[in-house]
Amino acid sequence: MPNSPTKGFHLRLQPAQAWMVIIGLILFTALCILVRAGRIVNLTFPAGTFAVGLFLYLRYPILYLGFTWWIWFLTPWVRRLADYQSGWTDPSPILLSPYLVTLVTIITFVRYLPKSYQQGGLPFILCVFGSFYGFLVGVVNASIAGAILSYLGWITPILFGFHLFIHWRDYPKLKQNIQRTFLWGVLLTGGYGVVQYLVAPEWDKFWLNNAGTVVFGTPEPLGIRVFSTINSPQPFAVVMMAGLILLFSNKTPLTFPAAAFGYLSFLLSLARSAWLGWLMGLVVFVPSLKPRLQMRLVITILIMALFVIPLTTIEPFSDVINSRIESLTNTKNDTSYNARAEGYNEAMGLAVSEFIGRGVGSSLNIGGDFGSYDSGVLIMLFALGWFGTIPYLGGLLLLFFNIFQSSEASFDPVFSGARAIAIAVFAQIGLNSVQLGIFGVVMWGFLGMAMAARKYYSHQKESHTFGIRKGNLHPLNTT
């Protein structure tokens, strides 16, 4: 039925079997929440997402990637809904869901490890080795359960990036999938972020009251530091930062409304490190493109500015955004910044002496106003020690070196954007634990994408060169 009016709908929900499984999980979870059976969701959602993820990984690998990203985007929101209906649960098993879904890619690592070195996978192996060392130390110094749970935050991002890299032959499909995922991700989570700021939904207020933190604002309309469907402003901002940079490579009509919601919620997160990361990403992104693409990008930025700037200059948005922007240039009166800077200096003095490390899962609280989890540098040194930090950081730097050795990014905005996003996240390592959790998945995911693009274009170039040489061997063989 090629002329069927529902053809487009069916195309969007293909393959049907995969979507039936996904929709079944959504409907079951929604039903449990509606009938106030949140305690059941605490168990069924992690198990269900893992089962669906494994099914998609084995049968529909491209769809698995989109599903994994969305589980990272939405899981904290599902937790808040379940807790609001059935009571506060802390720690919540629901929050394990994205780690379990991403852990499925360990199959890829085990399967391709023997030949990954020949394909350029050495940096990933070094990072796995460095983090695994920290895990072993953690097993000795802390509980096995604590070390395992904490290690999920370290290893799953690396595995996800490795999975993307090793499937470089599918780069065109990977590129299309990540563009579509982040387009809708920015539109929906950005839109919800604006609603969260204006309305303050009851489940978000319930979560803020029970979380016992004041750094996310006050649980009332116009008082929340936007964190949307994620569990705090900084992780939300880094996801939005990545999505907004990726929007520059998107040509669909939804790009501009997505940008309007995305930038407004990004600013309302008040996450200064992510703002600076976005700026750095833009500085890396624009010069790497060909002049024609640069001009198109400038036009896109101007059009986006027409959508966003008017929104940020009207109440109730302007005061809170402008005061936060002013704090970037007025650090003398910023007590938060000054306390963190002082605490950072004290902590660094202790961290540089950690040769063996305290291990993954060990208590890293060093007291003062600056917790060690605020800095990726400190958490590496404390958890991995120098013995684990050197291979881990060395692997990361090798990856960054490799992805900037390819000139093909000049005509592929997604390749160039992936490099810019990875740099933009890594640049926040002094202020955020960029190796862990959703920070790590964003950084490693786009490192994996950039490595896949580099390998894909390198192979194309080699194939083209080989084809020319082969043709030259038989110059008379023409038609």
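For all residues, glycine too, the Cβ spot is worked out from N, Cα and C.
Keep in mind that TrEMBL annotations are predicted by a computer and have not been checked by a curator.
Per TrEMBL, the feature transmembrane segment maps to 16-35 (among others). For the transmembrane segment (16-35), the residues of the chain that approach it from at least six positions outside its boundaries are 10, 41, 44-45, 48-49, 52, 55-56, 59-60, 63, 67, 78, 81-82, 85, judged by C-beta separation under 8 angstroms.
Under the heading transmembrane segment, TrEMBL lists 47-72 (among others).
Sequence annotations record features per position, and here TrEMBL assigns transmembrane segment to 92-110 (among others).
The transmembrane segment annotation in TrEMBL covers 122-145 (among others).
If one looks beyond the transmembrane segment (151-169) by at least 6 residues along the same chain, the residues whose Cβ comes under 8 Å of a Cβ in the stretch are 61, 65, 68, 96, 98-99, 102-103, 105-106, 108-109, 112, 116, 119-121, 124, 127-128, 131-132, 134-135, 138, 360-361, 435-437, 440-441, 443-445, 447-449, 451-453, 455-456, 459. According to TrEMBL, the transmembrane segment annotation covers 151-169 (among others).
What TrEMBL records for 181-200 (among others) is transmembrane segment. Outside the transmembrane segment (181-200) by six or more residues, the chain places 65-66, 69-70, 73, 77, 219-224, 226-230, 236, 239-240, 242-244, 246-247, 250, 252, 254-255, 257-259, 261-266, 268-269, 316-317 with a CB less than 8 A from a CB of the stretch.
Taken from TrEMBL, the feature transmembrane segment covers 236-254 (among others).
The annotation transmembrane segment is assigned in TrEMBL to 260-285 (among others). Long-range neighbours of the transmembrane segment (260-285) within the same chain, counting only residues 6 or more positions beyond its ends whose Cβ lies under 8 Å from a Cβ of the stretch, are 186-187, 189-194, 197, 225-228, 233-234, 236-238, 240-241, 243-245, 247-248, 297, 304, 307-308, 311-312, 317, 320-321, 324, 327-328, 416-417, 419-421, 423-425, 427-428, 431-432.
Outside the transmembrane segment (297-314) by six or more residues, the chain places 247-248, 255-257, 259-260, 263-264, 267, 285-286, 289, 321, 413 with a CB less than 8 A from a CB of the stretch. Here TrEMBL flags 297-314 (among others) as transmembrane segment.
The transmembrane segment annotation in TrEMBL covers 377-401 (among others). For the transmembrane segment (377-401), the list of distant contacts is 122-127, 129-131, 133-134, 137-138, 344, 347-348, 350-352, 354-360, 362, 364, 366, 422-423, 426, 429-430, 433, 435-436, 447, 451: same-chain residues at least six beyond its ends, Cβ to Cβ under 8 Å.
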Can you work out which residues elsewhere in the same chain, 6+ from the ends of the transmembrane segment (122-145), have a Cβ less than 8 Å from its Cβ atoms?
109, 113, 116, 151, 154-155, 158, 161-162, 165, 356-363, 383-385, 387-396, 398-399, 402
